[in-house]
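As written in TrEMBL, here are the features:
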{"type": "DOMAIN", "residues": "25-82", "note": "domain 'Acetyl-coenzyme A synthetase N-terminal'"}
{"type": "DOMAIN", "residues": "84-466", "note": "domain 'AMP-dependent synthetase/ligase'"}
{"type": "BINDING", "residues": "192, 193, 194, 195, 310, 334, 522, 583", "note": "CoA binding site"}
{"type": "BINDING", "residues": "386, 387, 388, 410, 411, 412, 413, 414, 415, 499, 514, 525", "note": "ATP binding site"}
{"type": "DOMAIN", "residues": "530-608", "note": "domain 'AMP-binding enzyme C-terminal'"}
{"type": "BINDING", "residues": "536, 538, 541", "note": "Mg(2+) binding site"}
{"type": "MOD_RES", "residues": "608", "note": "N6-acetyllysine"}
Ligand code: WTA
């Protein structure tokens, strides 16, 4: 460790308690090099298989014979691993603690009850004709039925596609169409921070563009009166009357699809990231155990929404595979007060708490008092995910929330990676605030420069993975070529993450953020192309260019440059209208912070927008705009600088 650098050593109690201590980590790193087959076979033994695999790993990242297969002749069922196998010993243990938006309401569901409910929902889906391989879209708030619906799909071999409840009808429609779901599971309404989310109304709107949907299953959350289309819509409560609470699990091949989750890239519409059954569950459950040093029965709370990958892997699949008590939280960190997180921790004696830097920064702004008035003594370990955490926020989380008792695991990963790849291990890794530290055993990170030259030692570059891990996505749903060209052609033969990173002299990684046209707003991933395409859909807009800029709380904010059609006059009303338009087109979290009207956009002579310049203007760093001589019309830059907003 270099001199003067802040390094927090592994606490003694963690070094002695943790299964993955320093010696175990070194042993695993060496083992996976010396005997990969043996190492990956042992990892698979953590699951219950109907047929244990004999073929362990078969991977090529080269275009000529590209394929990724893990445990390919193994047979198993994910819901059995998350439910049935715990029943004998832990049937009466709480599986799900549900904390509603209203701080006075929470419910508990045991493994036995969850098993019965999953079987019922599985039988309801079967009665609707859903079969192995069919896609089911889930558009639910954070209620236990969201986990139930996912596991019910897994039980019968249906492929779920969960769409975050904050997405607009239009975004929902695109996702239903892309994977051709015939069934949508939703709720009458959601409730977040005291505000109603009109989920069923959004579904109705979306389905105007989705004639293929035959059935909508509606869970009653608020019991509001909602429109029900006869023959298409039915309440889940009615459908499950008299339905058996037993359902035979479908035997699934390890490489059968488990779920699709849409995520934004730098170009085009969102991609359906496809994860499969065996490798995904091995990786989600193993990382949940080692990264959080998890023991069955401990209360684990990941605050992410089930609509994002973090919710899939660390609210549902990882914890339940490990017989956890997992918390599903419907609300937001600052409702009814900004002590809410810590009050929930105290109420349910949460031991491991995992959240996003944006929430930490927002709470930090409100000072220490709302934290300090709660006990938090149940917490042993803290985690973060989703975006880089600045050392200041890290230290506040460490000192104020964790009282310098609790290690912080800053976990780096992506929708595409299924679960964590770079993270400290609490009983093994000395921590440096702001660093995701080292790759997990078996994860092969590499930094390369723009030309693909491999960079060694302490350096900065583009983060690649040179080999596969079991939880890697297998394809983009319906577009395998897009999978290969998006991830494996920038640097042929390697998976390119889209992230930049620095590696220090200790081999620690410091993720610096996306190097492509993806922006990360409050941990929500958005493609600039998506927002631009929403903007040009507005009748007043001729052209739009969107960039991210540093934002104190959200990590990044959205800055849009818009040129208007010839007959349209710029106005404050139009500016507000465009923000609202993006909200409605994509979802509230995608609304631009700033909209600047521009007479023209900076383009090269070949017509390419020079985003580098736009980024500098958005960041208000206009003293050095770099070389503008290649612009078709250098004068537009002065105009943009002068009319900067915010
Ligand atoms: C960013 C979320 C820094 C990164 C699990 C990545 C992070 C993108 C971290 C994936 C972290 C995630 N430190 N950056 N600990 N974790 N990211 O697909 O840019 O929603 O590429 O998956 O979030 O976002 P996604």
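Cβ atoms here come from the backbone N, Cα and C positions, even for glycine.
Feature map: TrEMBL annotations on the structure.
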residue: 192; record: CoA binding site; CB count, 10 Å: 17
residue: 193; record: CoA binding site; CB count, 10 Å: 14
residue: 194; record: CoA binding site; CB count, 10 Å: 11
residue: 386; record: ATP binding site; CB count, 10 Å: 24
residue: 388; record: ATP binding site; CB count, 10 Å: 21
residue: 411; record: ATP binding site; CB count, 10 Å: 24
residue: 514; record: ATP binding site; CB count, 10 Å: 18
residue: 522; record: CoA binding site; CB count, 10 Å: 19
residue: 541; record: Mg(2+) binding site; CB count, 10 Å: 22
residue: 583; record: CoA binding site; CB count, 10 Å: 16
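Among 192, 193, 194, 195, 310, 334, 522, 583, the residues given in the record as binding CoA, the maximal Cα to Cα distance rounds to 24 Å. For ligand 1, the neighbouring binding-site residues among 388, 538, 583 are 388, by Cβ distance under 6 Å. Separating the Cα atoms of residue 386 (ATP binding site) and residue 522 (CoA binding site) is a whole-number distance of 8 Å. Counting other CB atoms no more than 10 Å from each candidate's CB, the recorded positions 310, 334, 608 peak at 310. Cα separation, residue 583 (CoA binding site) to residue 538 (Mg(2+) binding site), rounded: 12 Å. Here the Cα atom of residue 194 (CoA binding site) is found 29 Å from that of residue 415 (ATP binding site). Its Cβ taken as reference, residue 538 (Mg(2+) binding site) is surrounded by 18 other Cβ atoms within 10 Å in the chains shown. A sphere of 10 angstroms centred on the C-beta of residue 195 (CoA binding site) encloses 10 other C-beta atoms.
Shown are the binding-site residues 413, 415; of these, the residue with the fewest other Cβ atoms within 10 Å is 415. Counting only the Cα atoms, the space from residue 310 (CoA binding site) to residue 415 (ATP binding site) is about 8 angstrom.
The maximal spread of the ATP binding site, taken as the longest Cα to Cα distance among 386, 387, 388, 410, 411, 412, 413, 414, 415, 499, 514, 525, is 18 Å. Cα separation, residue 536 (Mg(2+) binding site) to residue 608 (N6-acetyllysine), rounded: 17 Å. For the domain 'Acetyl-coenzyme A synthetase N-terminal' (25-82), residue counts in helix, strand and coil come to 27 helix, 11 strand, 20 coil, using DSSP. Take the Cα of residue 413 (ATP binding site) and measure to each of the recorded positions 193, 334, 522, 538, 608: the nearest one is 522. Distance between Cα atoms for residue 411 (ATP binding site) and residue 541 (Mg(2+) binding site): 40 Å, as a whole number. Rounded to a whole number, the C-alpha distance linking residue 541 (Mg(2+) binding site) with residue 608 (N6-acetyllysine) is 18 angstrom. Rounded to the nearest whole angstrom, the C-alpha distance between residue 388 (ATP binding site) and residue 193 (CoA binding site) is 26.
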